[in-house]
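Annotated features in TrEMBL:
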BINDING   His82, Asp105, His107, Asp109, Asp213, Asp215  Mn(2+) binding site
Amino acid sequence: ARPGTEEGPEAVKKAGLIKKLTDQGCDVKDYGALHFDDINDDRPCHNAKNPRTVGRANEKLASAVAEVKKDGRTCVVVGGDHSLGIGSISGHAKIHPDLGVIWFDAHTDINTPVTSLSGNMHGQPVAFLLKELKDKMPDIPGFSWITPCLSAEDIVYIGLRDVDDAEHCILKSLGIKYYSMTEIDQLGIGKVMEETLHYLLANKKRPIHLSFDVDGLDPSLTPATGTPVPGGVTLREGIFVAEELYRTGLLSAVDIMEINPCLGKTQEGVDSTVNTAVSIILSCFGQELKELRH
């Protein structure tokens, strides 16, 4: 909805992500930046803005992620807005159809093009991915390539605190597992992750896809983002989520989305957002905080 997230990947790169990953022992291959075309006269369809542009971009991303997974690597996608979760998870599922998803976000992003009030497609990606919503989804230009690849029990939300009424109905009717900030406060992040991993992995070990919106964190950490919501996850809690996923040995892809350098009111705010995103990625790949080892 707001321009600027396209600047996110370059900002993360400039913050030294690749060198930092390499320094902590990762074998990093940079697959480069994807460039997406703006499509002229991309009229809204139902309540979906710029559908052809977004659909085409996601198709391109899905192919790119599938290539990374064919190479046997863990894939990191730096966005961009969270509509790119459509392509990232679709591409991952092409190679690993049994994957499980942790969607870390202040929002559920599960509006359909019919229920969305804003029309912003970054509030709709999960609706495009869920098999159970296929019948509720109108035909949207730009998305003829997509086949829903997730069932409702394949996804867990962490960090929710701004959910539309229609989205709440979808969550409840499909029985989707979620941890709002209230649950995180009540249970503690340790219990939340223990339950999440048990829920996704109890029946069988499978690849995990972490789709991480920086607005899931508290805006004091990540102010340079499009839809900040007060009262979010702390840095320590966010890093713990990443560390626990690393410890499973099953983390297969990570999206880090919604970094928008154009929306930081101060340079400090932009730097904090970017550096926090980098910290989360490093923790996904085994960086430990320098604390006492037991």
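Cβ from N, Cα, C; glycine included.
Keep in mind that what you see is a predicted model, and the values were worked out from it rather than measured.
Distribution of TrEMBL features across the structure.
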residue	record	Cβ within 10 Å
His82	Mn(2+) binding site	30
Asp105	Mn(2+) binding site	29
His107	Mn(2+) binding site	25
Asp109	Mn(2+) binding site	27
Asp213	Mn(2+) binding site	27
Asp215	Mn(2+) binding site	29
Secondary structure of Asp109 (Mn(2+) binding site) (DSSP, helix/strand/coil): coil
Non-site residues, in chain order, whose CB comes within 8 A of the mean position of the CB atoms of His82, Asp105, His107, Asp109, Asp213, Asp215 at Mn(2+): Trp103, Ala106, Thr108, His122, Gly123, Gly216, Thr227, Met257, Glu258
DSSP state at Asp213 (Mn(2+) binding site), helix/strand/coil: strand
